[in-house]
Every structure is written in C-alpha cells, then in structure tokens.
Amino acid sequence: MNKTASLILYGFSILLFATLALLPISLETVNPARTGGLDDYYATITVLSPGLVRLIEWGSIFVAVLLLVLALTCFFWRAIRYPWVAFLLALAFLPAAATHVVLNLMQWTLHGRVETAGGRRFVFADSSFLQGQEMALGEIETENPIFTHMRVLGANNGDSPRSWASIIRPADAEEFYGQLYLTSDQMLLGVRYANRCYLAYDLKKAKFYGHEAIEEFSPYVAIDPGRKIFDADVTAIEKLLEVQATPGPGRPTREIVVAGLEDKNEVVQSVAERLLRSYPEEPEPAEEQESPAE
C-alpha cells in the first residue's frame, strides 16, 4: 500500500473511531414547562437508526483488526507505510469502544408501534440500565434511514417504586417487551411486558396517564367490542386478586371490577363475573352493641 493510500486509511480510521466514541445513540430534550415528576419531563427524543449504529460498531471492529493485521504483517513484508501508526490506531479502538459503551448506558430504544387511520404514528420507547429505567410514549414526527425523532407524550419509571395497571389484551397480543395498543376509544396503552400497562394516552382528550394515575385504569380498557381477549391475562388477574389482599400496583379495586357488570360489552360482563369470583369477600360490618345500663 503506497503512502497516499496509507494516509487515507489512517484518516478514515481516526474519523470512524471518533464517531464511535462521541456520537450519541439517542438524545432527549427537556420540557421547559415541566411540572415535576416524569409525566411531562421530556419534550422530544431522537434515536439513531439501529442499522446505522451497527454499521459504525462493526465497521470500527473491522478497521481495527485490519490495521492490526497490516501493522504485524510489516514484520515480514511492507504491507503499509508507517506501520507504527497503524498499530497505535488499532489500539485506539479500545478506548473509543469503551467510551461508546459508557456514554450510551442509558440510551433510548424503540419498541412497539401503532398507527391510526389518519396516519399518526406512535411508539413505545425505553431507557434502562440496571435499576434505572424510564419508559415513554411518543408520536413520531420524523423518521428516515438515519434517525427517528418523536414528540414525547409522557413518561414513567419502571422501578422504585413501580406503578402499573393489569389489563386484558386482545387475543392477538404478542409477548415482547414494550408492547403498544390502540383501542377503539382512541386510548394508547403502553405495556412493559405481560399485561402490565405502565403508560397510557387518551388521543381524544390529549391526556397522559403515568405514575399512580395509571393504577386507576380498568382491566377492561383494552377490550374492544367484537374482539376476542387474551384469556391468560384474565387468569393472571384472578391469581393476583387471590394472593394480593391489599391495594397495590396491578390490583384493580372492587369498584372497578364491579363496574364491568354494567358494561354494554358482553365480553366485559363475562370477565367481570370471573374476576369477582376471585375477589376477596368483604367482611360484614359488625353490629353495634348497646352498652349495658349502669
């Protein structure tokens, strides 16, 4: 390899490793009008295309290996000019890769998506590392082969403390992390896993439901008229009612369960009857006894 080609390779390597080290996988902006908590903390989130990120990562590995091989080959044959530069650049890949990992520990990733009849697109986003986890619902404003930019509708934390509602998903529900559902009532439901709904957004009212507020959601919220249900979700709620006697995340109140008996949807009525059979019986109020006359 002549001098010009060697210098071009070195320059490209420096640019690639610098990009690997310094280019963030995701960026977020903070809502200047936030009121506290995570509900309205974020304004926008931008995420690089996973394909582009993989290209940079694997491209950097390939170039680092190539530089090392060329540098070592020069002990036997002059494969490249200034082999010591090639060797040093190959070693420079290691701190670049370490910086890449450290700076992106809490990167945002995109999961479930839905689209309305009018063409509005929504996505479930997640950012997590160890016990620090945040989730967000967003409306996609720009998407191309390089990045996805979304307006954040609201966010919630996944740990310390957790706050979620048990819902009954449609029969075609798929088991993966970060599910997103859109009901016939235009309610957007963000499910972390199983049937645990951590976030919701009412498209009609433009209202977000996150920490604590989500716990007041009915388990029937995702049951649309004429659609079959994911029966395993009903079973999961039945078991929860049997083992968890006190109020808490995921446990619908008796009032919410009973309200399903009056619903126009026969499927909801049937589910409500099942859940009530698992709900602990309320103790009879003790009769007041008259104190004996002195």
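Note: Cβ is positioned from N, Cα and C throughout, glycine not excepted.
Please treat TrEMBL annotations as automatic predictions, because they have not gone through curation.
Summarising the annotation, TrEMBL assigns transmembrane segment to 7-27 (among others).
Here TrEMBL flags 58-77 (among others) as transmembrane segment. Under 8 Å from some Cβ of the transmembrane segment (58-77) lie the Cβ atoms of residues 1, 9, 12-13, 16-17, 20, 83-84, 86-87, 89-90, 93, 96-97, all in the same chain and six or more residues away from its ends.
Long-range neighbours of the transmembrane segment (84-103) within the same chain, counting only residues 6 or more positions beyond its ends whose Cβ lies under 8 Å from a Cβ of the stretch, are 6, 9-10, 13-14, 17-18, 20-22, 24, 57, 60-61, 63-65, 67-68, 70-72, 74. Feature annotation from TrEMBL assigns transmembrane segment to 84-103 (among others).
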